[in-house]
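Annotated features, as they stand in TrEMBL:
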- 12-34: transmembrane segment (TRANSMEM)
- 46-64: transmembrane segment (TRANSMEM)
- 70-94: transmembrane segment (TRANSMEM)
- 103-122: transmembrane segment (TRANSMEM)
- 134-154: transmembrane segment (TRANSMEM)
- 166-187: transmembrane segment (TRANSMEM)
- 193-215: transmembrane segment (TRANSMEM)
Amino acid sequence: MTAPPDIARTVVGIIGNIISGAMFLSPLPTFIEIWKKGSVEQYSPIPYLATLLNCMVWTLYGLPMVNPHSILVVTINGSGSVLELIFVTLFLIYSDGKKRLKVILWLLLELAFVAVLTFVTLTQVHTIKKRAEIVGTISILFNVMMYASPLSVMKLVIKTKSVEYMPFYFSLASFGNGVAWTTYALIRFDPFITIPNGLGTLLAVAQLVLYATYYKSTQRQIAARNANKEVNLSHVTVCNGSEQSKPNH
């Protein structure tokens with residue numbers, strides 16, 4: 001018979017999978033906008049590269065030969081790896097040459113790192129406990145990196161007083177994701193999941209506070225920019241009309 005804590009942990013894990021799935025899909029509106037504009041503009045690739053690395057390492061952590069009874073960790077992070085790889089690919093397509101090269105180099109480094117970590121863990125470390133400790137410790141670092149990756153964007157937000165390039169839904173989903181997985185890890189205490197997701201929850205709260213603080217100033221900036229575009233367009237139209245109405249000599 002399954003113990004109540006195990007049932008609760010499974011239920012929370014399923015909820016965590018759903019919220020994590022929403023978090024991984026949250027950049028979709030951003031990439032639709034990038035596709036329409038044909039450029040990544042000032043959007044940063046760092047959150048997507050950090051999330052990809054995080055997902056790949058957590059997929060390794062959840063494998064039965066590394067940390068048994070963690071299939072829900074594998075399902076969501078395996079799916080997240082695929083989605084983030086798609087987003088990074090789209091970022092590559094719509095980046096300029098210099099930015100594209102940087103993204104390619106980081107992507108190759110990440111894939112090489114995960115390949116080496118997997119090989120060493122599964123062939124050189126011979127106990128499940130030791131494997132879980134090694135991969136779990138590394139997972140903490142990369143999970144914190146994933147949650148902290150928007151810090152560069154947060155700096156831009158404070159500097160420009162605009163949240164235009166800090167995706168709201170990603171921050172909101174990060175908050176829900178952190179809460180769900182912290183709860184999951186506390187039911188049957190797992191420090192490797194508790195620590196990064198607890199920190200991630202706090203960082204997500206900071207992002208949401210910034211969003212609330214600068215939302216109105218962002219709308220004013222966008223409105224002013226659109227108004228300037230309309231003025232410039234009308235000026236061009238008037239000038240063209242004047243030139244066409246000049247009499248021929």
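Even glycines carry a Cβ here, placed using N, Cα and C.
Against the transmembrane segment (103-122), stretch 46-64 has more CB pairs under 8 A than any other of 46-64, 70-94, 134-154, 166-187, 193-215.
Two recorded stretches are said to be in contact when at least 3 C-beta pairs lie under 8 angstroms, sequence spacing 6 or more; the transmembrane segment (46-64) and the transmembrane segment (193-215) fall short of this definition. Among 12-34, 70-94, 166-187, 193-215, 193-215 has the largest number of CB pairs under 8 A with the transmembrane segment (134-154). Cβ atoms under 8 Å from those of the transmembrane segment (12-34) belong to residues 40-41, 43, 47-48, 51, 55, 72-73, 75-77, 79-80, 83-84, 87, 90-91, 94, 167, 169-170, 172-174, 176-177, 180-181, 183-184, 187 of the same chain, restricted to positions at least 6 beyond its ends.
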